[in-house]
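Annotated features in TrEMBL:
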BINDING   A:16-20, A:HIS81, A:ARG115, A:166-170, A:197-202  ATP binding site
DOMAIN    A:13-244  domain 'Phosphagen kinase C-terminal'
Amino acid sequence: MAWFFSKSSDEGIVLTSRIRLARNIDGVPFPHILDKDSAKKVVEDVTSAILDSNSAISKDFDVINLKDITLNERMSLVEKHLISKDLINRSDISAVMINKQKNVSIMINEEDHIRLQVIYPGFKLKEAYELASKIDDLIEERITYSYDTRLGYLTSCPTNVGTGLRASVMLHLPALTITKNINNIINTINQVGLTIRGLYGEGSNALGNVYQISNQITLGLSEEEIINNLIAVTNKIVEKEKKAREMLLEKQSVELEDELYRALGILKYARSISTQESLELISKVRMGVEMGIIKDVNVDKLNELFVNVQPATLQLLEKRDLSPKDRDIVRARLIREKLN
Amino acid sequence: MLCQRCNQKEANVHITKIINGVKTELHLCDECAKQSEDINVNFPINFGMPMSFQNILDGFVEMLGGAPKTYEEEVCPVCKMTFNDFRNKGRLGCGRCYSAFSQKITPIIKRVHGNIEHTGKVPARTGGELKLRRDIQRLKEELKIAINKEEYEKAAKLRDEIRYLESKLGTERGE
């Protein structure tokens, strides 16, 4: 979980930068209609393209066949943003390669044959793309991609065709959410070819005031243009979040201080707490620390909790399956131990 | 009392809603309550039901005067998928589908991306020849503009460059 534990820049507003490239193998049907034997060959071809290459990167990767790990282990990888739910839905044929630093994951037989992802802490989209493109070149040395001169990289869903690139930033926007300014931002973002979603992508809520912003258009713009657009819009949103925080501090400093310390109080002393509530409260405390209101809490601890309180990761840490009620009790204990 | 939603577990979450003076009561178990929208009222934004590509696709096909579902249709020679399969699933079967259904799928791609020309990365190994061709195409367009503007000196330079790239394309193919 290197990406989540690292200190982030931009006063912590940009949590992570992520690049995902969708690629397919020429002449092979896409995973959703692929028979088991061919799917197995796709896994073999992609893994050996990385492992047998003479690159320094190749030694860093572990290969995990999804069918070989438990449901909890799979879900925990989703909670850590290393794989997608779609990969789990195809667990009988899917695999993932994850590097030691846990910032590169290569999903095999997801919606496309290859979904290469690089995730960096902080605001580092260009660096993340550079690494992704390098690994992409490495795979292409041995695998012939499905590629068309006119349409670019061909993908299972036409919404990804062209660059196959999804660039995204994960933003922590508590002040914009509290002041309800987030609704304007959501509307504006949709008008400039970007999309905004909750913590776990499509269909998820903005848990813990965390939002994901990514490009929607993948064809007709170059990778550089797509990334630059996202950077420009992200800079504006970060600026707005900072303004909203200043405004809150100016106009309602006592109310704000009270709310943030109450959040810390609940986290420190609760005996049972849901994922949703804990993420909301962690978000508030994090904002308090970043604004210099709360002084004796370490942001790294909050980052760690943000991942560890989630159901599957929590159960993995406890090394046993828990009922929802027991999970809430264990979660509260875990948070108390971390913060007291 | 049993949970009103699953009728299996004990209800231990009780909700009373009063909307426009109409009172409704809801009794749910832990699990169902977690999934219930009624409880998440304090949530700032719900991204709960995004439109999937399949939802939108059908609209596009109809709007663009697409074939009715009974139409005798093309089959992709590689994966044997039909255009109707694509319409139902929202996913193509293989890379070849793009050219097999080109006529129908190009307007859809144009709707989604506002464009049908890839201008980004070209794969290094398989893309060498493609890249050359694209460069030649681009130079030919520039040449046309130069001639129209009567910039003959520039046109001559462009022509030489095109010749050079075309000869390079020939050697790449082993001609």
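Numbering starts at 1 and runs along the chain as displayed.
Using N, Cα and C of the backbone, Cβ positions are placed for all residues, glycine too.
Location within the structure of each feature annotated in TrEMBL.
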{"residue": "A:THR16", "record": "ATP binding site", "DSSP class": "strand"}
{"residue": "A:ARG115", "record": "ATP binding site", "DSSP class": "strand"}
{"residue": "A:SER168", "record": "ATP binding site", "DSSP class": "strand"}
{"residue": "A:ARG197", "record": "ATP binding site", "DSSP class": "strand"}
Sparsest Cβ surroundings (other CB atoms within 10 Å) among the binding-site residues A:ARG115, A:ARG197: A:ARG197
List of the binding-site residues A:ILE19, A:SER168, A:ARG197 facing chain B, defined by a Cβ pair under 8 Å: A:ARG197
Rounded mean pLDDT for the residues that make up the domain 'Phosphagen kinase C-terminal' (A:13-244): 92
